[in-house]
């Protein structure tokens, strides 16, 4: 039997073809891996671990004040704030911040319960509020500086979309005043100050803004407002000239001139109410600003943002959603959350989970609150996509999805987006994903409510660097990314 001889030429061609097939397979595999890697990077943030730590140097944002009728926003406890520089000894710990935040959330839930008629708050006496230290009251973190009186006196006030009435501490502090940065406002030194009569419809309007019936003192209207843990302010309801900018001056602005104030907002002179009630600042300035204001919360406590009034400063890339009504008596800003995505993956959450309790957006709540069912889905998918990193112990009962990044110089973190009514997608900035206690304990900055029927809250951590536009008159809310970077 003859032996088949394979020619060298044929053998070379066969081996070359085999190599080409192998190379094509390997190239296809590499291509698939490259595509998968590209898609992974597209849906993740690369974060330098050192950037998670707080800075002691103020680095103003480059896009902060390129708008008319704008005020600079700074974090109350950051290096850009005079409050921080003059009161470093009283900067709250992370544990205190979380306790304050929980107190605020409970206050909001209670406020909504009362708005639904389950508690008759109208019968609380404005002249007989309980005196209790308010150090753990849930309060806003961001402040602006405005002018009050003639001649104007600059005052640092916390702005709050969850409150309606604007108030500041006033001399002679007949009851008590807490420590603040600037001198306490002195009505007697202003030529444009006057009290509101207690026998007026203006005085009566306080009830809807504060939840407390006003009282009289020598025919003057007396307001009272009480916060989360019984901290309070009460004094004379008055009108005065308010100066936001040199070209934005409002005569006869209605505000609370606090003679008795306990525990709230140490360092700040008081509060600007940005809610939807007719006594709020947006309502009182509606003739000029058409009921429109916007803000951008800074990327970190060491940067700056803005609070703008009117629609001239709104980004052209703003996407609007319709504001919803939380309850008939509430002036909070209701929103309709419809979904959440993690790393480009839309979570499987029934629509009924979000509609059961509804939701609001709030400038003063730090950690976003979600229905337990939604939070469980978010946490589970986030853990799945972060499985390459070691986990850390829970920071508190609120924050239970935490990581230890001590061995890393940078980390890849899945992007998170929220979806709202009308299909509007709002991506959360990298700075809005974590609450950082230390590099060894970096926690997902979301928490669960007690049950699915509690109202959800879109908090200020997730709002960082977003321009959030409130068109109160138009009944809509807008979002644009990169508002103050």
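Every residue gets a Cβ built from N, Cα and C, even glycine.
The shown structure was predicted, so the numbers you read here are calculated from the model rather than taken from an experiment.
Residues annotated as active site in TrEMBL: 160, 362. Positions annotated as domain 'Peptidase A1' by TrEMBL: 142-480. Residues annotated as signal peptide in TrEMBL: 1-29.
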Those residues of the chain, 6+ apart, with a Cβ under 8 Å from that of residue 362 (active site): 108, 161, 162, 332, 333, 457, 458, 459, 460
Taken over the domain 'Peptidase A1' (142-480), the model's mean pLDDT: 95
Residue 160 (active site): secondary structure state under DSSP, collapsed to three categories: strand
Other C-beta atoms that fall within 10 angstroms of the C-beta of residue 160 (active site): 22
